[in-house]
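Encoded as structure tokens, the structure appears first; notes follow it.
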Amino acid sequence: KGNGMIGNIYSMGLALQVLEATRKFYAPRKWDCAQAFSVVYAHDYQQPMAIAQVLPALVGRSYLDVAGLDCAATKNMSPSRQLLLSPMLGTHGVPRAPIQVHYSITNVLQGKHFHYSTSLTVPSGSTLLQVMEVAAKENPQTFSFQTEQTSWGPYVTSIHGLAASTDDRTYWQFLSAGDALDEGVGIYKPHDGEHIQAVFSTY
């Protein structure tokens, strides 16, 4: 329909999820995703159940940010650049300043040993899981990983193709300045200049 709508205000959120899941979220040139978000918000901001369908496609953004979403402009940018330019706001609508996080993965325990490092620029307030996602998108051959959902949040089961094993008593441990993190990857928020290490370990 006109104004960027797909179906109606109730089906729009589901349609956005389908587009993102099929990796066509930024692709269709005839569909104005920014305008579509704006229309959904304008029509549906007082109906939480319906607008909640849009949440997965917002990818961490506030509902108030949708009017400024520029899908075409970010289409060919790197994942970290897209994350930086996305309208992620902190409290009182103040944009989150970018920070740099150093991230490394190390295995000297099993199979072929490896050590890889990268530096990423992300908005302040990003979780470690979001940092890992940016690293994986920019260099999937090196920093790809898998998680499983638990009652304690997402648990990293594999990095760089090396999976943890209860039989071998191995797991991926996350460290900062040599100390184990006291929060999971879905909660922990690295600070500017912090070096996060993922080390394949045994218990």
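Each Cβ is built from the backbone N, Cα and C atoms, and glycine gets one as well.
Taken from TrEMBL as is:
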type	residues	note
BINDING	ASN8, GLN53, TYR155, VAL156, LEU181, TYR203	cyanocob(III)alamin binding site
DOMAIN	125-197	domain 'Transcobalamin-like C-terminal'
Checklist entry - Within 10 Å of the Cβ of TYR155 (cyanocob(III)alamin binding site), how many other Cβ atoms can be counted across all chains shown? => result 17
Checklist outcome for this item: If you count the other CB atoms within 10 A of the CB of TYR203 (cyanocob(III)alamin binding site), including all protein chains displayed, you should get 7
Checklist outcome for this item: Its Cβ having more other Cβ atoms within 10 Å than any other among the binding-site residues VAL156, LEU181, the winner is VAL156
